[in-house]
Amino acid sequence: MRTLIAIVITSLLALAALAIAQPTVPGVPFHDALRGTAPLDEEPKAPLIAPTENKDVIRGLNYAQQPPTIPHKIDNYQLDKNANRCLACHARSRAEESGAVPVAVSHYMDRESAVSGHLSPRRYFCTQCHVPQADTKPLVGNSFVAVEDIRQQPAKTKKR
Ligand code: HEC
Ligand code: HEC
């Protein structure tokens, strides 16, 4: 009987020790770049949407193969299965008249790089890759460096 009680007590003590070892919620309030410190079960007031930049000035690219950002407003431009307003100006056949930059030849290629006379379906939904911009502070940090910039930095560790 005594041994049984001893076993029960030791197992209870072991369980208690385990419970204490469980990770605890840190005292620091949860912080998310988008939500701030608002608790997950509360809906914070959303910040105002920044106005889209509409300067009509083509921006430089940050890396090779980057889809250029859209330098004009695209509000109310229909872009769905029925109509593509972007192409009304950007199709190669329309560019001369509209003054818009014609879509790159890559937009007429299929995945086998065969060029066809019509826009490739995989390039139909322009805003999948091209986005308008706003002059705002970045929400999260970013230390991206384009590969050509890495190569331009002098190789310090390299022995010659
Ligand atoms: C009314 C004509 C018109 C329509 C519609 C239009 N654009 Fe443009 N777009 C232009 C013109 C003109 C430019 C040249 C810069 C400028 O004047 O804004 C341009 C520039 C661009 C550029 C920059 C190209 C570069 O080389 O940097 C992109 C990307 C672009 N438009 C995407 C789009 C997308 C996506 C849509 C549809 C959501 C669209 N555009 C609808 C006229 C148009
Ligand atoms: C799958 C991604 C993707 C989609 C979808 C897409 N583009 Fe592009 N676009 C790119 C990339 C990447 C480039 C730059 C490299 C290149 O020329 O292919 C580009 C380049 C461009 C350029 C600049 C051409 C130049 O000569 O400087 C224009 C204008 C453009 N796209 C318009 C459009 C329009 C309008 C649509 C919709 C009909 C569209 N794109 C759909 C990825 C895309």
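Keep in mind that glycine also has a Cβ here, set from the backbone N, Cα and C atoms.
Going by what TrEMBL states, the heme c 2 site holds Cys126, Cys129, His130, and the candidate of His31, His107 recorded there is His107. Here the binding residues for heme c 1 are His72, Cys86, Cys89, His90. Their largest Cα to Cα distance works out to 13 Å.
Cβ neighbour density within 10 Å is lowest for Cys89 among the binding-site residues Cys86, Cys89. Taken in sequence order, the binding-site residues His72, Cys86, Cys89, His90, Cys126, Cys129 that lie near ligand 2, meaning a CB under 6 Å from one of its atoms, are Cys86, His90, Cys126, Cys129. Long-range C-beta contacts of His72 (heme c 1 binding site), restricted to its own chain and to partners at least six residues apart, with a cutoff below 8 Å, comprise Asn54, Asp56, Pro132.
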